[in-house]
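Database features (TrEMBL):
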- 149: active site, proton donor (ACT_SITE)
- 113, 137, 405: substrate binding site (BINDING)
- 237, 276: NAD(+) binding site (BINDING)
- 191: site 'Important for catalysis' (SITE)
Ligand code: NAD
């Protein structure tokens, strides 16, 4: 256990600290710009850390946003951070001290929203950076939430499910006690190392502490369906990545920059990270005719120019714990080198700072779609843009997760599945209309034709439709601002976010900014 200090039966006092003040101005410039990932193979030592990168991108957009200096300073600062250490019983004789964080970057809209990460790389700066990105992301896709993020410093692979359950529940207890969770306050979701199982434990713990809260299910999203989850949330981020890249491929300026046509079919794709986001993104690209030629994981990558079957390699990895031995695929050490292979679309879907000054000159992809948060450093981003490559930024491209989390939260507050009240009614209405059309046209539709027209939407179809509409709208807005300001797509998306947040805070009064 890299992160946790081992204790022998000494359930030490709970050390926790809440900082409820602005932190951006307080932290030293050096600390903010240091890398938090010492093992990072892609970045030079003098490149900014994750938080420094987010702030660098923000500052660039701020300059051309037309928003007042006063608002810009307020928007950039992190509102509140919670830092806790707590003991958890691992077995009859052993306790470990676990470190956990939650940062609320902005409460200009409530609740705050953002995932919880379980990783031994977690630290306060990473959580603050991710929380800031959440604020901007929600604004880009018009999801009416502030931004937050949580992290627990541990490697989940080193704990049993029972131990992880105790840790997750104890961390949630800390969030409850300090008012950092609740359907109207702060609503976590899955991120690296967490999924529906952890979200279930979080909701159940919150409910124990708030038995009167009829909206308790809305305290967390990404839950299993049986616990109030919404159909489509699991695949939402990967599906949003697919919709976003598909949309960009349609733009004439993108086709001109890349020399690519507007079709997904036939495009070659490399994905780094084969977890929730990477798996689903790869699956949607493959289902729509693209060829997945490379997949990188933390240990090795698989590469096959003839295409890799996503389900087959997923099964192989589940059974063997690695891509090694999969079909005819070439196995490459690590996940950085595979990103340097020739392809049309590169999708980093693992962690931050995967493309930096050390490897950016080797990237051959024409489109780089940021499914992960913060995978490209500012200098590497500038180099890619200078080479005419299209970088679709994280705050836009991976916003599918929070968009569908918003739908799940709405479902939880309304206490009813989407479509439950209206589906049969709409089908009956369409059926009556078809009968009139048949009578007037003098032709009977076949049962299949009839079914295709009257079919009322299932919950997942409504979710997919809402997600597609959201991603298309946000891509269009980003494109329009990029053209208006003559800037790259990341700066454009940030300009849009800053302007929207500024409008909300200014019109509500600046007192609580
Ligand atoms: P996950 O834990 O499901 O998957 C991460 C995968 O990346 C794992 O398979 C892990 O083994 C692999 N990995 C770790 N280090 C790696 C490395 N150095 N090289 C290659 N692979 C590596 O996490 P996820 O939910 O898929 O999140 C991935 C990224 O997407 C993160 O940056 C996260 O913040 C971002 N994101 C996730 C969501 C979501 O809904 N889950 C939403 C928006 C953004």
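Note that Cβ sites are derived from N, Cα and C of the backbone, with glycine treated the same way.
Sequence features, as recorded in TrEMBL, placed on the structure.
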{"residue": "113", "record": "substrate binding site", "DSSP class": "strand"}
{"residue": "137", "record": "substrate binding site", "DSSP class": "helix"}
{"residue": "149", "record": "active site, proton donor", "DSSP class": "strand"}
{"residue": "191", "record": "site 'Important for catalysis'", "DSSP class": "coil"}
{"residue": "237", "record": "NAD(+) binding site", "DSSP class": "helix"}
{"residue": "276", "record": "NAD(+) binding site", "DSSP class": "helix"}
{"residue": "405", "record": "substrate binding site", "DSSP class": "helix"}
Distance from residue 191 (site 'Important for catalysis') back to residue 137 (substrate binding site), taken between C-alpha atoms, in Å: 15
Neighbouring C-beta atoms (10 Å sphere around the C-beta of residue 149 (active site, proton donor)): 30
Sparsest-packed of the listed binding-site residues (237, 276) - C-beta count within 10 angstroms: 276
Residue 191 (site 'Important for catalysis') to residue 276 (NAD(+) binding site) - Cα separation in whole Å: 9
Spatial neighbours of residue 149 (active site, proton donor) among the binding-site residues 113, 237, 276, 405 [C-alpha, 10 Å]: 113
Residue 113 (substrate binding site) CB neighbourhood, other CB atoms within 10 A: 29
Contacting recorded positions, sequence order - 113, 137, 149, 405 vs ligand 1, Cβ under 6 Å: none
For residue 405 (substrate binding site): intrachain residues, at least 6 apart, with Cβ closer than 8 Å: 113, 187, 189, 221, 222, 233, 236
Residues close to substrate site centre defined by 113, 137, 405, Cβ within 8 Å: 114, 134, 138, 143, 145, 147, 189, 399, 401, 402, 403, 406
Sparsest Cβ surroundings (other CB atoms within 10 Å) among the recorded positions 137, 191: 191
Recorded substrate binding residues, 113, 137, 405 - maximal Cα separation rounded to whole Å: 13
